[in-house]
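Colleague: So TrEMBL lists these for the protein:
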- D294: active site, proton donor/acceptor (ACT_SITE)
- E143, H211, H232: Zn(2+) binding site (BINDING)
- A154, N235, A236, R243, H272, L331, S332, G333: substrate binding site (BINDING)
- 62-404: domain 'Amidohydrolase-related' (DOMAIN)
Amino acid sequence: MPSNKSVSDAPIVQFTNCRILRDHQLQREDLWVREGKILNPEKLFFDEKGSADVQLDCKDSIIAPGFIDVQINGGFGVDFSLATDDFKSGIDLVSQKILSHGVTSFCPTLVTSPPSVYHQVLPQISVRNGGSHGAGILGAHLEGPFISKEKKGAHPEHCLRTFEAGAFQDLLATYGSLDCVQIVTLAPEMKRSSEVIRELTKRGICVSLGHSVANLSQAEEAVQHGATFITHLFNAMLPFHHRDPGIVGLLTSDKIPAGRRVFYGMISDGIHTNPAALRIAHRAHPKGLVLVTDAMAGMGLAPGRHTLGQQVVEIDGLNTYIAGKCCTKTLSGSVATMDTCVRHFQEATGCSAETALEAASLHPAQLLGIEHKKGTLNYDSDADFLMLNDSLYVQATYIAGEEVWRQDVSGM
């Protein structure tokens with residue numbers, strides 16, 4: 001069939017011999033891509049009378065949407081919460097390195113820091129598309145400093161803040177700007193938090209509940225004011241209690257506004273959450289689960305001492321603790337990669353490959369309201385996708401239809 005270039009002169013690439021994750025199922029279809037977008041082959045055939053310029057044999061690989069990490073503090077020696085002169089080169093390094101782990105978009109995350117750090121770092125973070133240079137940046141995730149002292153976790157207590165009379169103005173003064181901010185984690189039991197949640201939501205910023213001693217009614221009120229996310233469920237919050245399940249109770253609450261879904265992040269590394277707790281959460285509210293790495297600077301590096309913002313942390317295998325004699329069992333972020341989290345999630349829950357993959361792609365996209373272009377392989381969405389084998393190991397990563405990383409099999 002002759003190619004008709006009346007619509008576009010850009011080449012059409014057809015990925016064949018593959019199973020595509022679409023509509024929650026792996027379907028044996030071809031994937032068609034042009035100008036960085038997923039094409040509808042019926043329109044191509046019947047409207048344009050077109051055909052592929054290039055065909056690529058995927059050798060029975062799974063093709064799934066690229067992973068989206070909405071909570072990553074750094075990696076490969078780079079700490080996003082440290083104000084350095086070469087911050088941009090650091091974020092570029094992380095965005096490039098995480099391509100091999102299937103991440104095509106992410107939210108660089110800053111833990112609780114002094115205002116001076118936010119003022120210096122945030123202007124250096126800009127929303128950008130991904131490509132051969134690295135994964136796309138969706139905006140910053142600010143985890144703190146408006147969190148509970150009792151559940152501060154690895155966050156430095158001397159930097160914690162409360163909302164005073166100015167409330168939202170206090171937040172603005174602390175951060176300096178919200179121009180590149182996508183998510184803010186705060187403790188909803190803090191006084192005046194409701195008005196802050198409303199103001200952030202008005203600006204299209206996702207509000208997440210975390211590092212908190214909130215009871216269920218306080219958490220429900222926060223959701224009614226616009227909060228839609230829970231930061232690393234079970235970690236740094238009150239444990240589940242049958243008379244007041246706290247923030248965890250949002251997973252089965254009957255007071256969520258109609259048409260609203262509460263999402264929750266989980267660090268599926270086998271360390272932060274017991275597999276039984278992971279199974280409980282998933283079975284209670286499967287459509288809200290969002291896999292996050294919560295990775296810190298030590299991800300990809302040898303065990304030893306590394307940083308997490310203002311703190312020094314000790315890495316021992318997959319365990320990460322605040323360094324020092326008095327706090328050696330305080331967990332402090334993760335060193336697990338996203339592909340590892342996906343595989344552990346599937347193993348721990350016994351869920352399908354489709355479910356595990358969507359927890360790292362579709363669900364974070366829905367959380368951020370970008371599912372029309374990211375997190376799916378629907379027609380006209382961005383051609384950010386992965387090739388994986390049946391064990392969910394990433395073989396190749398594509399952004400906007402271009403290969404940006406491929407597993408080196410020369411030594412295998």
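Each position is counted from 1, following the chain as shown.
Including glycine, each Cβ sits where the backbone N, Cα and C put it.
Caution: TrEMBL annotation is automatic and unverified by curators.
Given the structure is predicted, the values throughout are model-derived calculations rather than measurements.
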Colleague: Going by C-alpha positions, which of the recorded positions (E143, H211, D294) is nearest N235 (substrate binding site)?
Modeller: H211
Colleague: Do you know offhand how many angstrom separate A236 (substrate binding site) and E143 (Zn(2+) binding site) by C-alpha?
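Modeller: Roughly 12 Å, rounded to the nearest whole number.
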Colleague: Might you list, by sequence position, any residue in that chain lying six or more from E143 (Zn(2+) binding site) with a Cβ less than 8 Å away from its Cβ?
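Modeller: Same-chain residues close to E143 (Zn(2+) binding site) (Cβ under 8 Å, separated by 6 or more) are Q71, T109, L110, V111, T112, H155, T185, G210, H211, T231.
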Colleague: Just to verify a number: CA distance, the residue listed as 'active site, proton donor/acceptor' to H272 (substrate binding site), in angstrom, no decimals.
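Modeller: A Cα-Cα distance of 10 Å.
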Colleague: Could you give the Cα-Cα distance between R243 (substrate binding site) and H232 (Zn(2+) binding site), in whole Å?
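Modeller: A Cα-Cα distance of 22 Å.
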Colleague: Which of H211, H232, H272 (the binding-site residues) has the most other Cβ atoms within 10 Å?
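Modeller: When each Cβ's neighbours within 10 Å are tallied, H211 tops the list.
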Colleague: A154, A236: which of these binding-site residues has the highest Cβ count within 10 Å of its own Cβ?
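Modeller: Highest number of other Cβ atoms within 10 Å: A236.
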Colleague: Around the C-beta of R243 (substrate binding site), how many further C-beta atoms are within 10 angstroms, looking at every protein chain?
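Modeller: Excluding its own Cβ, the number within 10 Å is 6.
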Colleague: Can you list, in sequence order, the residues of the same chain other than E143, H211, H232 whose CB lies within 8 Å of the CB centroid of the Zn(2+) site?
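Modeller: So the additional residues around the site are Q71, V111, G144, I147, G153, H155, T185, S208, G210, T231, N235, A236, D294.
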Colleague: Given the recorded positions N235, D294, and counting only Cβ atoms in the protein chains shown, which has the most within 10 Å of its Cβ?
Modeller: D294
